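Trainee: Copied straight from TrEMBL:
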TRANSMEM  B:12-33  transmembrane segment
TRANSMEM  B:45-64  transmembrane segment
TRANSMEM  B:71-90  transmembrane segment
TRANSMEM  B:102-122  transmembrane segment
TRANSMEM  B:129-146  transmembrane segment
TRANSMEM  B:166-195  transmembrane segment
TRANSMEM  B:224-245  transmembrane segment
TRANSMEM  B:257-274  transmembrane segment
TRANSMEM  B:281-298  transmembrane segment
TRANSMEM  B:304-321  transmembrane segment
Amino acid sequence: MTEAVPRLSAQRVSKLYPGVQALDGVDFEVHAGAVNVLIGENGAGKSTLMKIIAGVEQPSTGCLLLDGEEVHFADPAAAARAGVCMVFQELNLFANLSIAENVFIGRERCRLGIDIDRGSEIERTRELLERLDHPLDPRALVSSLTIGQQQIVEIARALAQDARVLILDEPTSALSAAEAETLFAVIAELKARGVAIVYISHRLEELKRIGDYVTVLRDGHLVATAAMADVDVPWIVRQMIGRDAPARADAAPCGASGGDVLAVTDLVLPRERGGFTVDHVSLTVGAGEIVGIYGLLGAGRTELLESIMGCRRDATGSITIAGTEISGCDVSDRMAAGIALVPEDRRRAGFIQSFSVAHNLTIASLGRFARWFNLDMRREAAAARGSIGDLAIKVAGPETMVTTLSGGNQQKVVIGKALLTRPRVLLLDEPTRGVDVGAKTEQYRLIRHLAGEGLGVLFATSELDELTALATRVLVMCEGKITLDLPCDAADHDSITAAANPRAQAA
Amino acid sequence: MRGDTLLLLMRLRTVIALIVVLAVFSAAAPNFLSSANMVLMLKHVALNAILAIGLTYVIVAGGIDLSVGSTVGLTGMVAGFLMLNGVPVGGDMLMRFNLFEIVLIVLAIGVLIGAINGVLVARLKVAPFIATLGTLYVVRGAALLSSDGRTFPDLVGDAYYGTSGFPFIGGGYLLGLPVSVWLLGVIAAVAAYVAMRTPLGRKIYAVGGNAHAAALSGIRVNRVLIVTYMVSGFCAAVVGLIIASELQAAHPATGDTFELNAIAAAVLGGASLAGGRGTIVGTLVGAAVIGVLGDGMVMMGVSAFWQMVIKGLVIIAAVLLDGAQARLQHRVAIRRAAALA
């Protein structure tokens, strides 16, 4: 311990959402000049805890202490005034404004209270960027920057507010290896200046390098906290998932596929400013096969799936479902041909918030329950009850509103909706994002069961563990291209990571 | 639970408001509840309710249609023109239409204006507010141009041309009720059936609830949106016909600001301008509240200026209550979750 009193601590913090206990009596602290790494699987409560600390959310119970004094942050601005700043994973920048304007957004430096002092803002921004070893032009538009540079701008914004506690939420998820190195250097520099840093990640390889302490959350509970020097990676994994890392025996059986149900040839999705988001991709999925696409954020996984589904009008290339060409069809016709997509962002694209579970389940297959204009409500309700039973969706009844369900059950509703269209191929984008650990294995079992019945499955993931636990064949995507295609028993972590990394590809 | 009772009361707020308004006025004005007055009020309510039904479709799908008042004006003018004149068809030949054909043409024009709104919003991605504000002006201008601003008078019909039944649409009675009320009944029944029990209805709610998710569920979002605007245009054309028929004259300024009362009725009835929420029955009750409030205040001799103030306050109160209901619902859901945990 560098100080007796932690810079910031959370005590017995709980957070309750409808249907979900996101945090349950969690203690957490971070000291000046130290990095506390916060880890846990998706849905463990990391982001919720940090949102509470940064004033985005209010705790249901529990309190926050800053330098030993109890504080209440009504909103992120209040937290920022106290020196607690958060850099979100999905960066909160205004692409249409310059770097300097972004750094001072909401706290513009003004003469006489009304006239923005651009000169001084630009000067101060230049200083901050130099301190961060990134001499960018403060007048450049944020839209012209890479993701890594945008992250630096976010950090500069935090520093401009004299951040004493800096929260970084999965900062390297979108960065290339070189950009990540720069970020680590910046973190080291901030530490030396006495900033307390909370670093959220689920990349185990980074943790030992930059962490001074490690705190592990699982299912909304604090399971362990320790000095990094005292622990090793296997210990961390054990704490995270509550047992040893899944052995090979736990993984899916390899091979075992029938004829191709999905064949994609030369799929191209051009990028707005030149280049390709999906760069001449060809792949096949056999009946009963589970193909996993791994890649970093921005590798083009989601765009590939969306192009196959027909959501991207600019995409070109041939796509066949069981031999039928569908590349000229819209989403609706593609679904009729036997393909369905379970999107990554359930809330935005997966379900309809104002609908019940039953109505969400049947919305994609209403034609089956209709005779002429009339919707046969009895058959529709029976189908919904059938899905709820088949997928073991835990609900009070079919009329329950979908928004009150836990992440895992919501995901099952979206999968159930897709299955009611009787697809030959199921596309899943990050199938367990926001699903808690226990429910995760259940999702895997479900997907394997579906593949066992002859469904072709193509899923995208950014988690290596998920890839190895589920896929019978592994594809790796990097900068829009498929860089690796291996059966699961031939794929090891090192070659997968190397194939996913743009720098390693260039070398 | 207390929360549940409160929630139920809030859900029924428009019905409660209607009962309160009826009770207050019948106490204050003795002949308020007389059957003659009731029929008269129903007739007033019917016009706004028909427009509000069309708007409910648009609003549930997440849009708005400001052009319905203008469409009422233009469709009335088209009906008036066709009643009085023939359409030149080459040489000096004039083509005259009978009543049935005139009704069909007028309804088709309403649907066409709706389709134009729909294409602007769905395919050309113009914000619904702006697109229909634009058509509000264009259509009103077209109505004025159609007669150079004059009224088409004496639309009594002519047996020679098969149009003598025209005044019946807005002025006739069937089984003691005005024809316009029967029309409202039929339109409301069909609209409620389509909304509740057909794939199209379900898709409209889905598109308004989450257009992105709807598209990924294979729903052709653009088509659904266009259909809702066509329904709204159709309803406006029906109202245009009723008014021209009742007055036996078509005036180009008819229907001015009708869209505002129709939107108010839909919102009072629980439709959310954010989309995804709203019912035909709710809208009917909402239209009844607005109509009864207006007529009742007239009977009590409340000044027209105060009438506007009161109507405005009722609308704002309705939306505030709607927000309160949503928050209460959220709290009850959290309490349930806590009870389960």
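Note: Cβ is positioned from N, Cα and C throughout, glycine not excepted.
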Trainee: Take the C-beta pairs under 8 A between the transmembrane segment (B:129-146) and each of B:12-33, B:71-90, B:224-245. Which stretch has the highest count?
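Mentor: Against the transmembrane segment (B:129-146), the leading stretch is B:71-90.
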Trainee: Top stretch among B:71-90, B:166-195, B:224-245, B:304-321 for CB pairs under 8 A with the transmembrane segment (B:12-33)?
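Mentor: That would be B:304-321.
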Trainee: If I count Cβ-Cβ pairs under 8 A between the transmembrane segment (B:71-90) and each of B:102-122, B:166-195, B:224-245, B:257-274, B:304-321, which range comes out on top?
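Mentor: Maximum Cβ contact count belongs to B:224-245.
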Trainee: Other than its close neighbours in sequence, what residues sit by the transmembrane segment (B:166-195), given a CB gap under 8 Å and a spacing of at least six beyond its ends?
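Mentor: 39, 42-43, 45-47, 49-50, 53, 56-57, 60, 79, 83, 99, 102-103, 155-157, 201, 204-205, 231, 235, 238, 241-248, 279-281, 284.
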Trainee: Hey, which bits of the same chain come close to the transmembrane segment (B:102-122), Cβ under 8 Å, at least six residues off its ends?
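Mentor: Result: 63, 65, 67, 71, 74-75, 78-79, 82-83, 128, 131-132, 134-135, 139, 163, 166, 169, 221-223, 225-238, 240-241.
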Trainee: What else in the chain is close to the transmembrane segment (B:224-245), if you only count residues 6 or more beyond its ends and a Cβ gap under 8 Å?
Mentor: 46-47, 50-51, 53-55, 57-58, 60-61, 63, 65, 67-69, 71-80, 103, 106-107, 109-115, 117-119, 121-123, 152, 155, 166-171, 179-180, 183, 187, 191, 200, 203-204, 207, 214, 254-255, 258
